[in-house]
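**Q** Here you go, one structure.
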Amino acid sequence: MSSAEDLDYPQVILQYNSGFLVSKVMFTACELGVFDLLLESGEPLSSEAIAMHLGTSTTGMERLLDACVGLKLLAVDLTQEGALYRNTEISNIYLTKSSPKSQYHIMMYYSNTVYLCWHYLADAVREGRNQYERAFGILSKDPFGAMYRSEEEMLKFMAGQNSVWSICGRDVLAAFDLSPFTQIYDLGGGGGALARECVSLYPNSMVTVYDLPKVVQMAKEQFVPPEECRIAFHEGDFFNESIPEAELYILSKILHDWDDDKCRQLLAKVYKACKPGGGVLLVESLLNEDKSGPLETQLYSMNMLVQTEGKERTAAEYSKLLEAAGFGEIQVKRTGKLYDAVLGRK
């Protein structure tokens, strides 16, 4: 029988304890503009120069930069003039605002919103409900009312979701051949990033983003250029209003926000609206059937607890929900990335 020493528990626990510190270092460097400055400079800079440009203390900035080197987010060159810092390729691609694959916005959303809810994780576990009331003083019965509590918060959330689809969208849309479907509704499509990926991958498709009126207005103003004629918008609440007829419905990270009853209610409406021979594509992060992992999905499920009314599910659980609504020929594709795809047919 293994002892605690054999399993090296102290080291494992220390690594888990530092997880919060690691993410906060990355978030802070993004928020202060470290990676953007180094990209724009075109050359390595000293900690003093970076601190001066960004208006921080030299001692604090030096420690932040060294921590980023340890995380391989920055590289350092030791010269006669002292240490000079530069971005790594990962930082240039994912942590600078100007990159097409930038994850800056989702990181700022996690840093300034999600983390505040997670502070009350123990309360969420005790009570089995989200923590917007404790974190922000907002009634939590309507999770998206809390998420969209101001234009600034809504923009932050939508920009964050768009950044996710900039690196994950094509994987889930290519999991199945969706070219036979030309009339597509993206329910809860937000800023339209997945819709844009869809019309890029399937040029003969027309995608309508169906979302709340204020979300649609923000998407039109900030994210989808008016010349993109293959993307249309439909303002409304698909839980309480009708869903127009279409060949395919995309529900990307929608069902995980809600309990089983709400999911069944929505899928029944989708099935009723769906054209014969059409289908529904669920885009979700799938748990293993025994719920032993993946770790990222288990953590996302905890996030659903502190922020929404839902949870992450297994492929079998999503299949059961689809079958209850009437969908058949259910196929599951694991992409090997953050999000997977489940296709049901009518």
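Cβ atoms are placed via backbone N, Cα and C, with glycine included.
Nobody curates TrEMBL annotations by hand; they come from automatic prediction.
Per TrEMBL, active site, proton acceptor is recorded for H256. Feature annotation from TrEMBL assigns domain 'O-methyltransferase dimerisation' to 15-96. TrEMBL lists 118-327 with the feature domain 'O-methyltransferase C-terminal'.
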**Q** Can you tell me how many other Cβ atoms are located within 10 Å of the Cβ belonging to the residue listed as 'active site, proton acceptor'?
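**A** Result for the residue listed as 'active site, proton acceptor': 23 neighbouring Cβ atoms inside 10 Å.
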**Q** Would you mind splitting the domain 'O-methyltransferase dimerisation' (15-96) into helix, strand and coil residue counts from DSSP?
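**A** DSSP composition of the domain 'O-methyltransferase dimerisation' (15-96): 52 helix, 13 strand, 17 coil.
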